[in-house]
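Asker: From Swiss-Prot, here are the annotated features:
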- 1-31: signal peptide (SIGNAL)
- 34-263: domain 'Peptidase S1' (DOMAIN)
- CYS59-CYS75: disulfide bond (DISULFID)
- HIS74: active site, charge relay system (ACT_SITE)
- ASP122: active site, charge relay system (ACT_SITE)
- ASN129: N-linked glycosylation site (CARBOHYD)
- CYS157-CYS224: disulfide bond (DISULFID)
- CYS188-CYS202: disulfide bond (DISULFID)
- ASN189: N-linked glycosylation site (CARBOHYD)
- CYS214-CYS239: disulfide bond (DISULFID)
- SER218: active site, charge relay system (ACT_SITE)
Amino acid sequence: MGLGLRGWGRPLLTVATALMLPVKPPAGSWGAQIIGGHEVTPHSRPYMASVRFGGQHHCGGFLLRARWVVSAAHCFSHRDLRTGLVVLGAHVLSTAEPTQQVFGIDALTTHPDYHPMTHANDICLLRLNGSAVLGPAVGLLRPPGRRARPPTAGTRCRVAGWGFVSDFEELPPGLMEAKVRVLDPDVCNSSWKGHLTLTMLCTRSGDSHRRGFCSADSGGPLVCRNRAHGLVSFSGLWCGDPKTPDVYTQVSAFVAWIWDVVRRSSPQPGPLPGTTRPPGEAA
């Protein structure tokens, strides 16, 4: 997902092109594939959600509570929610696995300050039309605490998704994941010509290899220290290119808003958020 003056380019535009051409990207193409990663052990990331439109995987997300999924706001631009589905408990999306649970989208809450042209505040909450049954293949992922700071430069994290695994639209065998490191925000902002905001977070591969995301991975979580610290938002033309670092929505900046939405929409009492470690979550 590249930046541009209108949509910040096609999801995968070069920095030069993205900052010069007012091209709006096709919906859902921002932040598309896991590049330089590996297939995870099936169902070892039970919090992962696949958002589908027209029977096709469109974006990722993570399960916050049994009826709530967190994703990226740009994934739902010009989309009819009545045709959307959320799949939990999946590893291979092309297979009807017995672990999968499929839900419709009951409601969408986009951050009120989301800006589609710059991807500022690129976050939303999906309320499912039913409650997920938690177990080994379907589990919760916690966001940072209300007073948590974003991870510092050099912190090791991971990002997963079902997007293409090459620049040539090669489909993955199952859920893929890449290990990345948090990049200094000033360095990242310089790479993006000063167009980033304080509520964005960047990563790099940490070595000489191209590693990261590109497009149908949008909305998926960046997991650092077993917390969802980022949401896939946008990148450059070439996946994992250090010249255009991967950019995420910084979840710690929106924790109060997240729980306020859940509380206002779920008046019934429930357990305090983040009191249970997600099943199958590895460090």
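Note: Cβ is positioned from N, Cα and C throughout, glycine not excepted.
Source: prediction; values computed, not measured.
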Asker: Quick one: give me the count of other CB atoms within 10 A of the CB of CYS224 (disulfide bond).
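Answerer: Counting Cβ neighbours of CYS224 (disulfide bond) within 10 Å gives 24.
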Asker: I'd like to know which of the recorded positions CYS59, HIS74, CYS75, ASP122, ASN129, SER218 sit within 10 A of ASN189 (N-linked glycosylation site) at the Cα level.
Answerer: none
Asker: If you run the three-state DSSP split on CYS75 (disulfide bond), which class comes out?
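Answerer: In the DSSP reduction, CYS75 (disulfide bond) maps to helix.
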Asker: To the nearest Å, how far is the Cα of CYS239 (disulfide bond) from the Cα of CYS59 (disulfide bond)?
Answerer: 16
Asker: What's the number of neighbouring CB atoms sitting within 10 A of the CB on SER218 (active site, charge relay system)?
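Answerer: If we count other Cβ atoms within 10 Å of SER218 (active site, charge relay system), we arrive at 34.
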Asker: Out of the recorded positions HIS74, CYS75, ASN129, SER218, give me the one sitting nearest to ASP122 (active site, charge relay system) by CA distance.
Answerer: HIS74
Asker: Out of CYS59, CYS75, CYS157, CYS239, which has the highest number of nearby Cβ atoms, where nearby means within 10 Å of its Cβ, if these are the disulfide-bonded residues?
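Answerer: Counting every other Cβ within 10 Å of each candidate, the maximum falls on CYS59.
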Asker: Where CYS224 (disulfide bond) and CYS75 (disulfide bond) are concerned, what is their Cα separation in Å, rounded?
Answerer: 23
Asker: Roughly how many Å separate the Cα of SER218 (active site, charge relay system) from that of CYS188 (disulfide bond), to the nearest whole number?
Answerer: 19
Asker: Spatially, which candidate from the recorded positions CYS59, ASN129, CYS157, CYS202 is nearest to HIS74 (active site, charge relay system), comparing Cα atoms?
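Answerer: So, of the listed recorded positions, the one sitting closest to HIS74 (active site, charge relay system) is CYS59.
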Asker: Return only the integer: C-alpha distance in Å from CYS59 (disulfide bond) to CYS157 (disulfide bond).
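Answerer: About 20 Å separate the Cα atoms of these two residues.
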